[in-house]
Every structure is written in C-alpha cells, then in structure tokens.
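Peer 1: As listed in TrEMBL for this protein:
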- 8-142: domain 'EamA' (DOMAIN)
- 42-61: transmembrane segment (TRANSMEM)
- 73-94: transmembrane segment (TRANSMEM)
- 100-119: transmembrane segment (TRANSMEM)
- 128-145: transmembrane segment (TRANSMEM)
- 157-291: domain 'EamA' (DOMAIN)
- 160-176: transmembrane segment (TRANSMEM)
- 188-206: transmembrane segment (TRANSMEM)
- 218-239: transmembrane segment (TRANSMEM)
- 251-270: transmembrane segment (TRANSMEM)
- 276-294: transmembrane segment (TRANSMEM)
C-alpha cells in the first residue's frame with residue numbers, strides 16, 4: 001500500500017466506529033451493575049496499563065513537544081478521555097444505546113460551526129442550514145417525534161448528557177487537528193490517558209463513597225477488558241491517525257457508521273427496537289450532513305472549479 005494512501009486511514013476509522021458502537025452497547029447492557037464513573041475510570045486504568053510498556057519511552061522522547069503544547073494536551077485529556085466517556089456512560093444509565101449511537105452522528109455537523117468559530121475555517125449559509133436540519137433530527141429522536149415534548153423541554157436527561165458528550169468530542173477532534181503532527185500517537189495517547197485518569201479520579205472516588213460499587217463477576221471483568229482495549233487503546237489510536245491523515249471533517253464523517261453498527265448490535269444483544277422517530281431523526285441528521293459537507297467556496301462561486 002502506498003505510504004500516502006488514505007485507504008488504511010479509512011479502514012481504521014471504520015473499525016473505530018465499530019468498536020465505539022460496541023462500547024455504547026456494552027455500557028448500556030451493564031448500566032445496572034457498573035456505575036458510570038467507575039466504568040470510565042476502570043476503562044482508562046486498563047488502557048494506561050496496556051500503553052505504559054511501549055508508549056512511555058515515546059512520550060518521554062517527545063516531552064519537549066508535549067510541553068510546548070501543554071495547554072492543548074491537558075484539554076485533550078480532560079475533554080476526550082475524562083469528559084466524553086463520563087458523560088456518555090452517565091447518559092446511558094437513562095437512555096437507550098440506539099439513541100446514543102444516533103446522537104453521535106451529530107458530531108461531524110457540530111465540527112463545522114465550531115471549526116469556523118475557533119479555527120476560522122470556512123462556513124457557508126448552506127452549511128449553517130445543514131447544522132440546523134441535523135439538530136432538528138437529533139431533537140426528533142430525543143422527543144420521540146412529539147412536538148409537545150420538545151416545546152415543553154420534556155427531554156430525557158440521558159439524551160441531554162449524550163448531546164453534551166457529542167459537543168465534547170467535536171471540540172476534541174478540532175484540538176487534535178491543531179496539535180503538532182510530530183508528536184508520536186502512542187506517546188500522546190499515554191499522556192492524555194494519564195491526564196484523563198487524574199481528572200476522573202476525584203469524581204469516581206465521590207461515586208464510590210456515595211455507595212455506588214462494582215460487584216466482582218466474570219461479566220463485569222469482561223466489560224472492563226473490552227472497554228479498556230477496543231474502544232480505548234485501539235479506537236483512539238485509529239481515530240487520532242485518521243484525523244492526522246485525512247483531517248477532522250473526513251475522520252468525523254466515519255462516526256456516521258455508528259448508527260449502522262450500533263443499531264444492529266443493540267437490536268441483537270439488547271432487544272432494542274428501531275422506532276419511526278429514529279428513522280426520521282436519522283434522515284434529518286444525514287440531510288444536514290449532506291448540506292454541511294459541501295465546500296463553502298464552491299457554493300459561493302459555483303462557476304469556479306475546485307482545486
């Protein structure tokens with residue numbers, strides 16, 4: 001495979017979506033047995049143990065590069081490791097895995113206005129319309145297609161937590177794009193994992209002191225091993241590589257595979273139903289994505305050929 005071919009990035013981003021879909025399904029399946037912050041802390045503790053033997057030397061080698069961008073690196077750990085996972089796991093205590101994977105489809109469209117706001121990336125009127133349509137699609141899912149619930153703001157708190165998690169991940173994706181590409185991906189993941197664990201620890205400790213405990217069982221152990229290896233170490237490395245290789249917009253678009261993987265997994269293992277409002281909301285999200293994916297300079301000057 002040619003060194004500059006994007007095919008490997010596309011394959012790894014596809015696997016990333018599969019692993020993350022499984023993460024939501026597993027978290028929902030075990031929500032009664034494993035508290036959200038305990039799951040988040042245990043997940044990244046396992047990931048840190050896996051990464052330490054072969055990534056610590058790389059992180060040490062790149063310490064000057066990491067120190068030069070310490071603010072961004074700390075934010076990546078706080079947002080991408082601690083924030084996203086804790087919000088998502090907490091949300092899955094109150095809503096379905098199907099809602100979770102569909103809400104994640106909103107991430108690529110969130111990247112557009114945030115990129116324009118913070119990175120001064122082009123943002124057209126048509127893309128703004130795409131953001132609005134996608135948002136309406138998400139609200140259709142949250143309200144179960146009932147306008148009255150939406151107007152009364154009678155929404156599931158789990159869905160709202162998942163929306164915050166989606167916003168969190170959009171910011172993480174944009175921060176990754178601004179990171180020095182010379183930083184080794186393994187060293188970076190080790191560093192932000194350690195930072196994320198430090199951020200999660202006090203909240204997980206508070207959860208434990210409040211009486212939310214994890215009972216020892218083979219099933220719970222299997223859950224921690226899955227979330228610690230596949231959606232953590234492997235998926236984050238794959239996603240970080242994809243963002244560096246094809247950019248945040250294209251990498252983010254692969255998250256739209258999650259409704260396919262996640263819905264099938266939720267139906268097969270959790271017995272969840274795919275309702276009409278899921279289909280309508282998904283249609284809105286995808287319609288917004290199509291509008292949002294058009295390049296602003298092409299829309300403004302249709303007679304000019306793309307470079």
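Just so it is clear, glycine is given a Cβ too, placed from its N, Cα and C backbone atoms.
Distances, neighbours, how buried they are, the whole picture for these features please.
Peer 2: With a threshold of 8 Å between CB atoms, the same-chain residues lying at least 6 positions outside the transmembrane segment (42-61) that come near it are 34, 81, 85, 184, 186-191, 193-194, 196-197, 200, 214, 224-225, 227-229, 231-233.
Through the fold, the transmembrane segment (73-94) approaches residues 24, 27-28, 31, 36-37, 39-40, 43-44, 66, 100, 156-162, 164-165, 168-169, 171-172, 175-176, 179, 188, 191-200, 203, 236 of its own chain, all at least 6 residues removed from its boundaries and within a Cβ separation under 8 Å.
Among residues of the same chain six or more beyond the transmembrane segment (100-119), those with a C-beta under 8 A of the stretch's C-beta atoms are 20-21, 24, 28, 88, 91-92, 127-128, 130-131, 134-135, 137-138, 141, 159, 162-163, 165-167, 169-171, 173-174, 177-178, 248-249, 252-253, 255-256, 258-259, 261-263, 266, 278, 281-282, 285-286, 288-289, 292.
Each residue in the domain 'EamA' (157-291) gets a DSSP state, and the totals come to 113 helix, 0 strand, 22 coil.
Non-local neighbours of the transmembrane segment (188-206) in the same chain are 37-38, 40-41, 44-45, 47-48, 51-52, 55-56, 58-59, 62, 66, 73-74, 76-78, 80-83, 85-86, 179, 232-233, 236-237, 240; each lies 6+ residues outside the stretch with a CB under 8 Å from one of its CB atoms.
Outside the transmembrane segment (218-239), and at least 6 residues removed from its termini, the chain residues within Cβ reach (under 8 Å) are 12-13, 15-16, 19-20, 22-23, 26-27, 30, 33-34, 39, 42-47, 50-51, 80, 185-186, 189, 193, 251.
Long-range Cβ contacts of the transmembrane segment (276-294) within its own chain (Cβ-Cβ under 8 Å, at least 6 residues beyond either end) map to 98-99, 102, 105-106, 108-109, 112, 124, 126-127, 129-141, 143-145, 249, 253, 256, 259, 263.
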Peer 1: Residue list, the transmembrane segment (251-270) vs rest of chain: Cβ under 8 Å, 6 or more residues beyond ends.
Peer 2: 9-10, 13-14, 16-18, 20-22, 24-25, 28-29, 96-98, 100-102, 104-105, 107-108, 111, 170, 173, 239, 242-243, 245, 278, 282, 286, 289, 293
Peer 1: Taking all residues of the domain 'EamA' (8-142) together, what is their mean pLDDT?
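Peer 2: Average per-residue pLDDT within the domain 'EamA' (8-142): 89.
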